[in-house]
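Engineer: Can you read through this structure? Questions will come right after.
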Amino acid sequence: MTDPRDVVMRLDRITKRFGALTANDAISLTLRRGEVVALLGENGAGKTTLMNILFGHYVADDGRVEVFGQPLSPGNPRAALAAGVGMVHQHFTLADNLTVLDNIRLGTESLLSRGASRAAARARVDRLSRDFGLAVHPDARVGSLTVGERQRVEILKALYRDARILILDEPTAVLTPQEAEALFATLRRAIAQGLSILFISHKLHEVMAIADRCVVLRHGKVVGEVTTAETSGAALAAMMVGGEIALPEARPATAGKVLMRLDGVTTPDKGAAPGLKRVTLDLRAGEIVGLAGVSGNGQAALADLISGLILPGSGSVTMDGPLARWSPREAIRQGIARIPEDRHKTGTIADFTLTENAVLEGYWQPGFSKAGLMDWRAAEGFAQGIIAAYDVRCPGPGARIRLLSGGNMQKLILGRVLEPGPKIILANQPVRGLDVGAIAYVQSRLIAARDGGAAVLLISEDLDEIMGLADVIHVMSEGRLSPGFPRGSKTAAELGLWMAGQGFDHAA
Amino acid sequence: MSDLFDILLSVSFWAAAIRIASPLIFATMGELICERAGVLNLGIEGIMVIGAFAGWMAVYLGAPLWLGVTAAMAAGMLFGLLHATLTVPFGLSQHVVGLGVTMLATSTSYFAYRLALPEVTSPPKITPFAPMDLPVLSDIPFFGPVLFQQTALTWAALICAGLVGFVLFRTPLGLAVRAAGENPAAVEAQGLSVTGLRMGAVIVGSGLMAVGGSFLTLSAFSSFFFEMVNGRGWICIALVVFGAWRPGKAVLGALLFAAFDALQIRLQQTPLGAHLPYQAFLMAPYLLSILALILMSRRAEVPAALMVPYRKGER
């Protein structure tokens, strides 16, 4: 292992600055043949910047990258590919309307040539699929594939180009536990064939499962490098955040009366996204209901329904009696707090100020408007209150919200929906993309709201989050809802099977 | 009613339909290439005008006809370069740039025409492309005159459509162009230049649009006059949608539109023409095109990244 010829990639004091921010500060790292190195770090620690430098999307201000002993020319994805570096991006770089084979072949042949025969290319893809356990049909349109299959296409793309080094950016973020296992099996085959892997993640248990070594980043610096066998998840976590952070521990709930009941609700499919299929669900006061599932399995329809954006096609929704009418404004009137899945697209308006964003949902209420005129003083007071009570770090209520970090933006949204004292809280991916500190804060606020008697529906793709927070867990698959499982009654693997669609057939 | 059948069975009607479709086919192929790469080129109308003008002017000044076509193509590519530079590396609004290019190219053509020929009242004529009279083939009854007594430029239009289809769907270059219009990040990740592909597509596409314009002066009318392009560019934009971004279907669309156009001219001369105002006939091809567009383009798959500027490193 100490033979220097084994080193396939060496990063030497890579530094990258964006204005005043140093995203990567003299990062050095070595990757050897047949080795899996995990790059661990919180959001904002500089992992993505480093990867973009490796792959040529950014040019480093300082430092150099060597691949197989040769310096890698900066700012050029083509050079990285030619050197044998293949990258599996977190946001897949696939063209949906092209076939799997076309996506794989793209850019592999000289543009001015006639191109190799499709049959030869297909045979090669088939062989790679078999060798690495990456089952996917070469003639399928990428748009029709599941997320797991798309990831296989991304890996095939790299293997097709004879990549010797694979860089995977948060590869399991979108997978079920079973799909993640299949991915790990593929990666193990790749290692056995002498490939090297740089694995970027913030999920500790995965890192412990697959990596030989871990390099931990914090604030753009390497703060530790350890052999996985000689460390523990807790030690790595402490290294990542620079100290112990106690995640909130929920006390058992005391569920009260049903605040909202869905009975046999069906909604139409929306393009590729399934609608709800005869969903029956109770939301009770003082209880957190966790909704697990791979994204795109009907969670959006359920969130839209509760938010007032869509109406049930059949079945009934009751809140203190059947709903007479249902609209987003009616949902707000009925005391439903909505924390949307995408805080940038649907949660806020980027170029509005904090004050304007704070009253987006309630500007029409008597407190904020009089006789059709906005009461901006009251609105600003409301925003000031949220900034103080929810610790929103910002230049002031008049600042545009796009200047805020994700965590601070989410705190403002939390304040906006929680301040009026809601009965039901719809939290759709409330901590996605936040750092550990902000996650702890958001989760503790949700628990506090539950303890205050609110019903919480927590939708998340992160099974750990669901299992840690929810009092009752449902799983969604293709628009169907599993029965409710009380906290602790199912293991992650068992829930994973439900996520993959098993169990529904035997279920009542 | 029997008038209608007489027209539909006449050689001259079908020959006219193919002739009218020729400039549309060139320009539609040009627009299709641009849009497949992800750039909407609203400069098409003006680029057709500059093509009509540059081609005609070159021949008027003594150049051979094919050099005139080349001049038209070069002029179109120049305005294509302007469009591509503003929309691709600078990422400006494709609508605003396209309309700007149309206005600039149109008025440049008219201005240059007036400068070159200040005293002229009736537009001077050149000798246009003559219909090819292919031995044997043009003697085939019906199909001979319809297909084989067209000008060389009409044949070039049909060959051009075949070539565009071949390159787009059968070569690595075409795959890269289509991918640039679907997901530029995928192109970048495979080590290709999105900027290069998109600029190339817009420049080549604009060249074809200009050749389509030059068909009007070098094959159809033999002189250049104002307003001669008369909205054909906009029709081509609709034809790309009608053809669901596929060259073969777009050619069919162009033929269909041209057939309606040829039909309405002939219907004006029937007894029906005495009863209806002639504007109603002029309107017909457009109305029918809108109808066909509604029926045909429902399930079309728009290039996913059409009109989305690409900036490196952004998500």
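Counting starts with 1 at the first residue shown.
Including glycine, each Cβ sits where the backbone N, Cα and C put it.
Pasting the relevant annotations from TrEMBL:
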| type | residues | note |
| --- | --- | --- |
| TRANSMEM | B:6-27 | transmembrane segment |
| TRANSMEM | B:39-59 | transmembrane segment |
| TRANSMEM | B:65-84 | transmembrane segment |
| TRANSMEM | B:96-117 | transmembrane segment |
| TRANSMEM | B:155-177 | transmembrane segment |
| TRANSMEM | B:197-221 | transmembrane segment |
| TRANSMEM | B:233-258 | transmembrane segment |
| TRANSMEM | B:278-297 | transmembrane segment |
Engineer: Any chance the transmembrane segment (B:155-177) and the transmembrane segment (B:39-59) have 3 or more Cβ pairs under 8 A, given the pairs are 6 or more apart in sequence?
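Structural biologist: They are not in contact.
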Engineer: Please figure out which one of B:6-27, B:39-59, B:65-84, B:233-258 racks up the most CB pairs under 8 Å against the transmembrane segment (B:96-117).
Structural biologist: B:39-59
Engineer: Excluding the flanking five residues on each side, which residues at least 6 beyond the ends of the transmembrane segment (B:6-27) place their CB within less than 8 Å of a CB in that stretch?
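Structural biologist: Those are 44, 48, 142, 145-147, 149-151, 153-154, 156-158, 160-161, 208-209, 211-213, 215-216, 219-220, 232-233, 235-236, 239, 250-251, 254-255, 257-259, 261-263, 265-267, 270, in sequence order.
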Engineer: Same-chain Cβ contacts of the transmembrane segment (B:233-258) under 8 Å, 6 or more residues past its ends?
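Structural biologist: 16-21, 24-25, 27-32, 35-36, 40, 42, 44-48, 102, 158, 161-162, 164-165, 168, 209, 212, 285, 289, 292-293, 296-297, 299-303.
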